[in-house]
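K.L.:
So TrEMBL says this about it:
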- 20-44: transmembrane segment (TRANSMEM)
- 33-281: domain 'G-protein coupled receptors family 1 profile' (DOMAIN)
- 93-115: transmembrane segment (TRANSMEM)
- 136-160: transmembrane segment (TRANSMEM)
- 189-217: transmembrane segment (TRANSMEM)
- 229-252: transmembrane segment (TRANSMEM)
- 264-283: transmembrane segment (TRANSMEM)
Amino acid sequence: LTKFVLLGITGCPFAQIPLFGLLLLLYILTLVGNIGIMVLVWVVPSLHTPMYFFLTQFSLIDICYSTVISPRMLADLLAENKTISFTGCMMQFHGFAFFATAECHLLAIMAYDRYIAIHKPLLYVLIISRHVRRQLVAASYLAAFLSAIVYTGCTFGGSFCGPNIIDHFFCDISPVLKLVCSDTHSSEVVIFIFVAINALGTGTVILLSYICILCTVLRMRLVGSRAKAFNTCASHLVAVSLFYGSIFFMYLQPMSNHGGLDKVASVLYTVITPMLNPLIYSLRNQEVKDALVKCRRKV
């Protein structure tokens with residue numbers, strides 16, 4: 001095959017225009033929120049800390065992650081010709097797999113960073129030094145790149161000799177593997193193993209980090225500080241649960257079990273989560289609010 005046909009997010013003609021408006025708004029909010037956080041951290045010296053360094057990397061990943069999917073999805077809602085070349089489909093999936101995996105690793109790094117900041121505040125600057133945080137981010141990108149190569153090779157390495165219609169709004173593992181004529185069992189096993197290593201491994205780090213954070217918070221004497229920490233942890237865990245829950249649903253179940261809910265789960269982690277992350281990780285933070293107030297006064 002030289003090209004595929006994407007059926008898109010919906011086949012109902014009357015729903016395409018309203019969906020286009022809604023998804024375009026969400027994509028614009030994603031760009032504005034994440035770019036705003038990056039610019040704010042760059043221009044405000046008080047935010048030049050390890051936590052906000054990781055947050056800018058997180059915002060950058062969300063921008064790229066959403067841009068790999070959303071523009072094509074929006075264009076297909078208005079276009080009659082929804083074909084995508086084989087190479088274009090493969091590159092879209094590789095970009096998606098790279099940024100999704102990098103986000104998993106960066107979420108684990110951010111959770112570990114918060115644990116060190118709360119559990120060992122006096123040694124925080126020494127443990128999470130500039131050299132260490134650059135190494136952590138580089139390691140997450142390297143792991144994501146290698147994993148994306150494996151995912152792409154297993155997904156597009158088979159023989160495509162039959163239908164070319166992908167029942168999805170982007171090139172994902174399950175709808176593409178359904179079009180492969182050769183046996184895909186070994187590819188599915190390899191994909192499952194790598195998803196389990198990346199998602200379950202980073203998810204375990206996040207869970208253990210927040211358990212340790214909550215144990216430290218419970219030992220705080222000030223009720224106000226304890227409530228503030230609980231509120232922050234709860235909002236972070238909601239974002240993590242939304243992202244990881246949809247990832248687990250999509251990629252840690254047999255390919256034969258995939259059905260109509262796949263597109264809903266995919267919208268959650270490709271559109272909704274990148275839009276909510278700036279609100280949850282930044283605008284609920286008092287330091288970011290103070291920085292915004294200072295910038296507004298300067299303007």
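For all residues, glycine too, the Cβ spot is worked out from N, Cα and C.
Please treat TrEMBL annotations as automatic predictions, because they have not gone through curation.
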K.L.:
Taking a Cβ cut-off under 8 Å, which residues six or more beyond the ends of the transmembrane segment (229-252) line up next to it in the same chain?
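P.N.:
Non-local partners: 100, 103-104, 107, 111, 118, 172-174, 191-192, 195-196, 199, 203, 206, 210, 213-214, 217, 220, 258, 261-262, 265-266, 268-269, 272-273, 276-277, 280-281, 284-285.
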K.L.:
Out of 20-44, 93-115, 136-160, 264-283, which stretch has the largest tally of CB pairs under 8 angstroms to the transmembrane segment (189-217)?
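P.N.:
Most contacts with the transmembrane segment (189-217): 93-115.
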